[in-house]
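Undergrad: One structure, as structure tokens, below. Some questions next.
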Amino acid sequence: MAGNAAVGVLALQGDVSEHISAFESAIQNLGLNIPVVPVRKAEQILDLMALAIPGGESTTIMRLIEKNGMRNIIQNFKGGIFATCAGMVVSARDLINETRFTPLDLLDITVNRNAFGRQRESFEADLQISGFDTPFHAIFIRAPVITRAGPDVTILAEIPQGIVAAKKGKKLILSFHPEISHDLRMHEYFLKDMLG
């Protein structure tokens, strides 16, 4: 574990308050005492045990990561990474049909940023997630999918269009928005996996 055992939520754009609330509830459910903090400055990342990269608009998030001098710090961060939707996009090694920015290469994955096109911008699905006893009701909003995962990446859930949940070590990458689903299992899974 790195630094001062806090979970940070990248607070540049996206579902920041929803992730903070979900992590606080998950931490309480697990009987842990870990603070959850918004992260707006690069130096804050150094003191974290985990960093959440929330959904939002991937081009904007990446531009703000660059502007705030966070790229190298996030790429070299040894704690956990919890990335959702646009967070998945910026965490990828490669992107399909996206040349406006270079992603962070946190996992050996290729991501299709607009996998469902404009006609299916938002939908919900009950996912069978590896290790979960019952389906997880996932909310997808203009969601990306993983089209290729490297051999060191564990696939946790798929739909016909591609992979929607994957992990490598302490990094958990999701296409959907668990922070708005009222089901804390993804946040709890991440915390338990990271602390285990």
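Yeah, the Cβs are placed from backbone N, Cα and C, and that goes for glycine too.
I grabbed these lines from Swiss-Prot:
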type	residues	note
ACT_SITE	Cys85	active site, nucleophile
ACT_SITE	His177	active site, charge relay system
ACT_SITE	Glu179	active site, charge relay system
BINDING	Gly56, Glu57, Ser58, Arg113, Ile141, Arg142	L-glutamine binding site
Undergrad: Rank the recorded positions Arg142, His177 by the number of other Cβ atoms within 10 Å of each Cβ, and give the residue at the low end.
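TA: Each of the recorded positions Arg142, His177 was scored by Cβ atoms within 10 Å; lowest is Arg142.
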Undergrad: Determine, to the nearest whole angstrom, how far the Cα atom of the residue listed as 'active site, nucleophile' is from the Cα atom of His177 (active site, charge relay system).
TA: 7
Undergrad: Under a three-state reading of DSSP, tell me whether His177 (active site, charge relay system) is helix, strand or coil.
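TA: DSSP assigns His177 (active site, charge relay system) to coil.
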Undergrad: Taking the residues Gly56, Glu57, Ser58, Arg113, Ile141, Arg142 listed for L-glutamine, what is the greatest CA to CA distance in Å, to the nearest whole number?
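TA: Max Cα-Cα spread across the L-glutamine binders: 13 Å.
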Undergrad: If you skip the near sequence neighbours and keep only those at least six away, which residues in the chain come within under 8 angstroms of Ser58 (L-glutamine binding site), Cβ to Cβ?
TA: Ala86, Val89, Val90, Glu98, Phe101, Arg113, Pro144
Undergrad: Taking the Cα atoms as reference points, how far is Glu179 (active site, charge relay system) from Gly56 (L-glutamine binding site) in Å?
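TA: If we compare the Cα positions of Glu179 (active site, charge relay system) and Gly56 (L-glutamine binding site), the gap is 13 Å.
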Undergrad: Taking the mean position of the Cβ atoms of Gly56, Glu57, Ser58, Arg113, Ile141, Arg142 as the L-glutamine site, which residues outside that list, in the same chain, have a Cβ no more than 8 Å away, listed in sequence order?
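TA: These residues sit around the L-glutamine site: Gly55, Cys85, Ala86, Val89, Pro144.
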